């Protein structure tokens with residue numbers, strides 16, 4: 001009898017374990033399906049979602065996707081999706097319903113349009129942060145949005161919402177941050193909890209909102225009388241104008257379509273500046289001839305898409321040719337939130353930062369809300385394009401002396417920023433996409449100091465995990481814990497660049513040719529994870545780019561690889577070397593090449609000065 005009970009208990013325990021395991025597997029698959037369907041439901045012209053590659057069976061692999069944060073790194077359960085400023089298009093993606101544990105959704109500063117789903121509360125019932133600002137969403141704000149009872153933050157500003165605000169919004173007891181400014185809303189503002197004390201600007205620039213904190217609403221009879229008068233006048237006016245409007249659009253239609261086709265996608269902002277062409281460009285070198293915005297427009301053919309050199313988190317870089325034939329690079333900053341006065345002050349500071357291994361900032365221009373920076377042109381473009389070209393058939397790999405020269409020069413420039421520049425600068429965006437090369441393959445670092453000019457960083461985990469101000473694959477792991485930028489974070493990012501130079505692999509993914517097979521094998525992870533695996537197996541030599549081997553410099557290559565490992569493998573940031581130490585190690589390896597001139601880097605004090613740089617020009 002006792003034996004029978006024991007067998008039953010064991011059977012029941014096994015059944016419960018199998019049931020739990022099955023539910024976990026189903027939940028993982030639902031989250032994977034959520035992101036896969038989400039990706040298919042939106043347009044991604046800038047290919048920021050290219051890291052969303054499915055089919056990997058590794059636990060937690062979707063947690064490495066750009067903009068995605070998981071509850072735990074070793075399980076496919078999505079905590080938040082943050083895709084602000086990705087340039088995505090489409091309607092509100094209903095696929096988010098499959099991410100059942102989602103608590104944060106940020107689709108701000110994209111090109112989403114159309115109405116919000118009426119059943120939005122059933123799609124994201126547990127979300128605490130919902131940011132849909134700076135899009136083109138339209139229609140009425142759904143009444144059922146008030147059923148997302150855990151909402152702490154609701155940002156709907158800068159859209160095209162119409163109608164009235166649902167009075168049920170006042171029932172959101174946890175709401176602390178809220179804005180509906182710059183829409184087309186009318187009617188009374190809900191009677192929010194008085195302790196919230198929402199400011200007027202959170203409701204500003206709508207058609208006719210009223211009630212606290214705005215002006216009191218008028219009486220119903222007065223409103224009805226006003227409506228009658230407006231309707232009568234509007235009817236007479238409409239009757240007189242309707243024929244003219246129809247004819248106007250009839251004759252304009254073909255021209256508008258043709259103009260849209262001729263207008264390269266992405267430069268409408270430039271055409272809107274035609275009335276600002278007389279705006280002067282501030283140049284740091286007084287010897288340079290005076291320039292105006294019209295000169296920049298002409299040099300870039302009104303910032304045509306064909307002249308784009310690269311697009312990144314800080315903005316888009318264009319190639320420009322002046323009338324005298326000289327070339328320069330012009331960066332359009334992405335959503336700088338600084339006032340013109342603050343921006344001028346920052347530019348004056350950055351304009352004084354000069355070093356052989358930094359891209360010289362020649363000048364800047366402010367026109368309306370646009371911020372344009374002028375840089376010296378670099379003939380060999382970005383290091384990323386030299387290592388990972390789009391056309392691999394005509395690709396000629398960089399030889400080892402060129403790669404070592406790039407490594408030493410970049411290390412020297414970054415060490416100067418950390419240890420000798422006044423003010424000291426933490427870059428925060430080091431990658432092969434911010435290292436430009438001259439005609440002689442002399443490296444120059446760009447984007448230094450730009451993090452402070454971008455949108456203020458929030459404290460959300462995904463900001464750091466996914467590199468809001470750092471390219472995906474280069475961000476030091478401690479950001480997800482400390483949420484503080486440090487020089488050792490730059491050291492980690494530079495270590496990844498060194499790995500790219502030695503291996504020829506991309507930071508975000510690895511493609512290696514098997515020694516046993518002639519086919520390609522894909523390692524399921526990023527470059528640092530691959531190096532970590534090879535290091536644990538004592539197989540680091542397998543990581544080296546084969547085009548570099550057998551030329552009598554194998555010892556130098558392996559030494560640089562070891563320096564890179566010292567930068568990226570320690571889990572504790574303090575165990576990494578300083579940039580000054582990294583530079584000294586690389587300089588010693590390349591001593592026979594005579595790459596570097598006299599040092600202009602101050603030797604750090606023994607007090608650890610390099611670890612505690614005052615962040616004068618970094619993101620707040």
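A Cβ is built for glycine as well, from the same backbone N, Cα and C atoms used for every other residue.
Marked as domain 'Protein kinase' by Swiss-Prot: 303-596.
Summarising the annotation, Swiss-Prot assigns N-linked glycosylation site to 56 (among others) and lists sequence analysis as the type of evidence.
If you look up Swiss-Prot, you'll see 111 (among others) marked as N-linked glycosylation site. Over all protein chains present, the Cβ of residue 111 (N-linked glycosylation site) has 15 other Cβ atoms lying within 10 Å.
Sequence annotations record features per position, and here Swiss-Prot assigns N-linked glycosylation site to 119 (among others) based on sequence analysis. Here the Cβ of residue 119 (N-linked glycosylation site) has 12 other Cβ atoms within 10 Å, regardless of which shown protein chain they belong to.
Same-chain residues at least 6 positions away in sequence with a Cβ under 8 Å from that of residue 147 (N-linked glycosylation site) are, in sequence order, 121, 125. Look at Swiss-Prot and you will find 147 (among others) tagged as N-linked glycosylation site, backed by sequence analysis.
The N-linked glycosylation site annotation in Swiss-Prot covers 193 (among others) and is backed by sequence analysis. Every protein chain considered, the tally of other Cβ atoms within 10 Å of the Cβ of residue 193 (N-linked glycosylation site) stands at 12.
Every protein chain shown contributes to the tally, and the Cβ of residue 300 (phosphothreonine) ends up with 23 other Cβ atoms within 10 Å. What Swiss-Prot records for 300 (among others) is phosphothreonine, and it gives similarity to another entry as the kind of evidence.
The feature phosphothreonine is assigned by Swiss-Prot to 463 (among others), with similarity to another entry given as support.
Around residue 479 (phosphotyrosine), taking its Cβ as the centre, 24 other Cβ atoms fall within 10 Å, counting all chains. Annotation source Swiss-Prot lists phosphotyrosine at 479.
The annotation phosphothreonine is assigned in Swiss-Prot to 482 (among others) on the grounds of similarity to another entry.
DSSP assignment over the repeat 'LRR 1' (101-124) gives 4 helix, 8 strand, 12 coil. The feature repeat 'LRR 1' is assigned by Swiss-Prot to 101-124.
Here the repeat 'LRR 2' (126-148) has a mean pLDDT of 92 out of 100. The repeat 'LRR 2' annotation in Swiss-Prot covers 126-148.
Annotated repeat 'LRR 3' per Swiss-Prot: 150-172, in sequence order. Proximity of distant same-chain residues to the repeat 'LRR 3' (150-172), defined by a Cβ-Cβ separation under 8 Å and at least 6 residues beyond the stretch ends, is recorded for 103, 108, 126-143, 178-193, 202, 209.
Listed as Cβ neighbours of the repeat 'LRR 4' (174-196) (distance under 8 Å, sequence separation of 6 or more from its ends, same chain) are residues 128, 133, 141, 149-168, 202-214, 217. Per Swiss-Prot, repeat 'LRR 4' is recorded for 174-196.
According to Swiss-Prot, the signal peptide annotation covers 1-27, on the basis of sequence analysis.
Taken from Swiss-Prot, the feature topological domain 'Extracellular' covers 28-228, and the record attributes it to sequence analysis.
Beyond its flanks by at least six residues, the repeat 'LRR 2' (126-148) meets 80, 84, 92, 100-120, 154-166, 168-169, 171-172, 174, 179-180, 185, 460 of its own chain at Cβ-Cβ distances under 8 Å. Residue density at residue 56 (N-linked glycosylation site): 15 other Cβ atoms are found within 10 A of its Cβ, drawing on all protein chains shown. The separation of residue 56 (N-linked glycosylation site) from residue 300 (phosphothreonine), Cα to Cα, is 42 Å. The shortest Cα-Cα distance from residue 479 (phosphotyrosine) to any of the glycosylation sites (56, 111, 193) is found for 56.
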